[in-house]
Amino acid sequence: MHEPDPGAYEREAVSPEAGSDEQQAERALRPRVLGDFVGQERVREQLSLVLHSAQRRGSAPDHVLMSGPPGLGKTTLAMIIASELGSPLRISSGPAIERSGDLAAVLSTLQEGEVLFLDEIHRMARPAEEMLYVAMEDFRVDVMVGKGPGATAIPLDIAPFTLVGATTRAGLLPAPLRDRFGFTAQMDFYDDEELERILHRSAGLLGAPMDADAAAEIARRSRGTPRIANRLLRRVRDYAEVRGDGTLTLGTARSALDLYEVDASGLDRLDRAVLDSLMSKFRGGPVGLSTLAVSVGEEPETVEAVAEPFLVRSGFVARTPRGRVATPMAWDHMGRTPPPDAAFGAGTDADTDTDESVTP
Ligand SMILES: Nc1ncnc2c1ncn2[C@@H]1O[C@H](COP(=O)(O)OP(=O)(O)OP(=O)(O)O)[C@@H](O)[C@H]1O
Ligand SMILES: [Mg+2]
């Protein structure tokens with residue numbers, strides 16, 4: 001998690017990252033076996049093969065790297081790997097390893113077959129990375145004794161272990177480190193049907209009765225991300241308990257999510273402000289990032305890092321060489337009519353009617 005700049009928009013309901021008080025709620029909803037892990041079919045199947053063949057051979061499975069955006073289930077899968085193997089799990093993270101000595105202390109105390117989970121592995125210190133290559137390949141650490149020209153490396157054997165690394169930025173991992181993972185799981189965003197399954201499971205665990213329509217409505221607003229789905233579910237549950245009879249219906253889901261300013265496509269206040277500004281002040285663009293940011297009273301970095309990724313991914317905004325452009329789908333979503341000469345980036349006909357998202 002990163003500290004927002006002073007004055008920067010603090011995203012709550014639809015942040016893909018976990019809030020500081022959210023860990024406990026998440027732990028309660030985390031699937032513990034591969035069979036309860038919804039979606040990511042290909043990753044699940046490949047992983048299940050890796051785990052079962054290792055168990056058959058009676059050896060530690062290949063090291064696994066999980067990469068993908070926040071909230072898609074990397075930590076969850078790491079825990080499932082250890083539990084499927086029946087192995088102890090050691091948890092650490094890149095930022096916690098500031099010197100190679102920190103890593104040596106962890107590696108040299110691993111038990112045979114233990115699973116070592118390194119979260120945010122791209123943030124590990126360089127010298128530690130080098131130590132990790134050797135440990136992954138040869139199950140050995142070179143402990144430096146002494147300083148300066150007289151320093152010597154004493155090789156120390158360590159127990160065979162399985163490293164599970166997680167990263168939101170696989171591109172930042174040096175190639176030698178990436179290459180030493182036998183298996184890379186690339187996590188993708190979830191579709192609505194998968195999110196609905198996750199929501200039904202979570203509602204069951206929370207003891208909250210939920211209609212199928214309510215699940216579909218929450219899923220649609222969850223930006224393809226299980227963490228957001230579970231968070232919106234908790235908000236709707238709270239609302240249903242206070243304002244209704246505790247049952248999650250389409251009506252309570254809509255009222256609750258409207259109250260939290262999460263719209264029918266999962267856009268929040270900042271996302272909508274960006275679209276609104278793009279349309280009302282710049283005729284739909286193209287407009288440069290910093291001009292657009294000023295018009296919504298945010299830093300360009302905030303608009304670029306917080307609002308834009310989802311707006312672009314879901315097809316509301318196009319990035320063109322001349323700037324940001326609102327797509328026909330965005331005009332439609334905001335219930336506005338584009339001016340006849342709207343640019344649409346590639347010079348699309350302004351009358352083009354997109355039938356993309358269903359806005360109730
Ligand atoms: N496939 C899934 N099935 C069911 N629940 C899931 C799934 N993926 C994620 N979740 C739920 O979403 C929440 C967030 O998942 P998790 O913490 O594993 O994400 P992450 O990828 O590690 O995120 P980060 O990058 O922020 O560390 C968890 O509470 C978990 O219960
Ligand atoms: Mg995680």
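Every residue gets a Cβ built from N, Cα and C, even glycine.
The DNA binding site feature in TrEMBL is assigned to Arg319, Arg324. According to DSSP, Arg324 (DNA binding site) is assigned to a strand segment.
The compositional bias 'Basic and acidic residues' annotation in TrEMBL covers 1-14.
Marked as compositional bias 'Acidic residues' by TrEMBL: 350-360.
Taken from TrEMBL, the feature region 'Disordered' applies to 1-27 (among others).
What TrEMBL lists as region 'Small ATPAse domain (RuvB-S)' is 191-261.
As annotated by TrEMBL, region 'Disordered' applies to 329-360 (among others).
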Completion exercise
So Arg324 (DNA binding site), by the Cβ count within 10 Å over all chains shown, scores 25
